[in-house]
Amino acid sequence: MKRISLFVLFICTIFSCLCKENERIKQNYIRSIIGMDEEKQPYLQLLSKIPPEKEVSDQNVIELQQLYPIRQEEIHRLISTIRGDGSWPDINYADTKRSGWEPKQHAERILKLTKYYAREQENVSAQEISAVVSIIHQAMKYWFVQKPVCKNWWYNQIGIPRTLGPAFLLFETEMTEKEKQEAIRVMEQSQFGMTGQNKVWLAGNVLIRGLLLNDTELIKEARENICSEIVLGQKEGIQPDWSFHQHGPQQQFGNYGLSFLCNMSFYSELFAGTPLAFDRRQQDILVSLLLKGYQWIVWRGYWDVNGLNRQLFHSADIHKSFNLLFAACSLMKGSNDQQAREIKELIARNFLHPDTNNEFTGNKFFGDSDLTIHRTPHWMASVRMASDRVIGTELVNEDNLKGYYMADGAIYTYIRGDEYHNIFPFWDWRRIPGITTYESDAPIPTESGADSRNQTNLVGGTTDGKHGITAMHLNRNGLSANKVWIFTDEFILCLGSNIHTDSTATLITSIDQRFKKGEVWSEGNRRYFHDNTGYILLQDELCPVQTEKKKGQWHDFMGMYAPKMLESNIFSIYIKHSPGAPASYRYLLLPGSTQEKTATFDTSRIQILRNDEEAQVAFTGGMYYIAAWQAATIRLSGNKEICIKTPGTYLYRADGAPVSQAVFPKKGIQ
């Protein structure tokens, strides 16, 4: 009898401990939802200075805006405008959009009301709290009865449970038994499955269901599903080069990858100090994703356009940077001293002291994603490409309707960081900076199948860590070209060779297209200067330079926006290639320059030794930069030769000693 009693006591003790751990995780969750972290308050104040977006479909931005302080007048407006059935008159509940689905605003308002209830119930009158509680019940009832369904599965299985789940946790003590049952039904829309960030979202929603049910095993299983994605080298998720893939081998820094990092940093903080805490290896992988991946693509608090992917939303470059800021803050808590120091430097460089010289410098080629980033103390540049291994871009749910050419060698240079901020409505999408394509007034292609991809494996880059060469053979849409970028701390040398097409259409290479800032200076149709950037042509070409007032609207390329025409002044410079024989180009970009430096730049310092269909080679700063498209013999000074046997990119010192090399990978998309 005594043994039975001890066993029962033991079981009860274990059960009590498990319940306490579940409650601890639940309270951690609630504290995070209502913003009780004092260390994040200075960054919340920075965020609150940015006007909230009125039209939003990016889940990262939605969750960012949930961090804004809730104003009492907002709550009063929701109370005064709710209808008798629990709906609001300004929401289109019959909306059929697949992106920016309006009924989700109803769920977001429920979350806002429950956050206000949880945070302010001791600070405002009992009458006001009673009114808030009443309309939360009304709004929840409307959702439970009407059960709105979106044509896009993501909202039904991920977006809605992810929004209402935290609201259910905050309001749990006020909910009736019937409401709790309905809440569980909402959360049951999420089940374990899928891959990458979708898997994490689904498991996170199941975790909330486990907390509502106080189901220890379900909570553990959800945690295991979440953690199972903290690995390297799967087809989707974190790649060995610290980029992130989703929807196949496609770079997704700004979309799924950012959601992944934000979610994982949240769970790192949520589970800290409990038996479910991430282990050291998992924490180190997440910190490496931040410091070896994401740190490269943010400049002075602005997200690189090449890292936005299909999410070309209004102010996306600012919003995504703030998402990264809060993720970094959360990750720092489980990091070692060295990691925490580097994370603090990242935060200071981009948000606290963005006007100081950049100390995070170097050249990195993300080989798994065909992306190059070059950072100097004063400017940054990026090049985005595609190959038969890497999908360049995607058009999904009316997002990115005009982005067909965005991975055809797009190059952006930044000094301030805002050079391309909200420029998309005014772009000529055939003049995306850096690309070579057709001059045409025809609609931008929207094909996204395998036949529309870049049909080549000849894409790659190599670097010594400070300087580098990036190369791309463009073989797409009936057009072929060899494109090379050579990066130094003073300039970028851009080379193009063997440019030809099976069409009679005129070909162009865009040098830059950005907002007009000040006057445009030119000298002899060879040298141009505008907005802290110099442009020098190294061969005779027809080079139109335009400054014009352009009209456009966000709705044209992001279908979730309401039609609204806007106007702005745009600067554009591009090369118009001569018809007939294969064309070529040679030009310099001088970011962070001045008019005087552009005028006096000594181009003889750069020797272009070859720019043909076999190889593109330049010598500058004591280094040979080589892109070989086939086996080739490269003649150096002093009658020396380098025999290149395999196509790829190569760096050699002046004496012919190899520095770095990378052959073009042969593996295509599986």
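Backbone N, Cα and C atoms are what each Cβ position is placed from, and that goes for glycine too.
Per TrEMBL, the feature domain 'Polysaccharide lyase 8 N-terminal alpha-helical' maps to 63-348. Mean predicted confidence for the domain 'Polysaccharide lyase 8 N-terminal alpha-helical' (63-348): the pLDDT average there is 96.
Residues or ranges marked as active site by TrEMBL: His247 (among others). Following the DSSP three-state reduction, the secondary structure of His247 (active site) is coil. Other C-beta atoms found within 10 angstroms of the C-beta of His247 (active site) number 16, with every protein chain shown included.
According to TrEMBL, the active site annotation covers Tyr256 (among others). Reduced to three states, the DSSP call for Tyr256 (active site) is helix.
Reduced to three states, the DSSP call for Arg310 (active site) is coil. The number of other CB atoms found within 10 A of the CB of Arg310 (active site), across every protein chain shown, is 23. The active site annotation in TrEMBL covers Arg310 (among others).
What TrEMBL lists as domain 'Polysaccharide lyase family 8 central' is 363-592.
In terms of DSSP secondary structure, the region 'Disordered' (443-462) contains 3 helix, 4 strand, 13 coil. Taken from TrEMBL, the feature region 'Disordered' applies to 443-462.
The compositional bias 'Polar residues' feature in TrEMBL is assigned to 449-460. Residues 365, 367, 370, 385-392, 404, 407-408, 470-477, 629, 647-649, 662-669 of the same chain sit 6 or more residues outside the compositional bias 'Polar residues' (449-460) yet have a Cβ under 8 Å from a Cβ within it.
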Same chain, 6+ residues apart, C-beta under 8 Å of the C-beta of Tyr256 (active site), given in sequence order: Gly196, Gln197, Asn198, Phe244, Gln246, His247
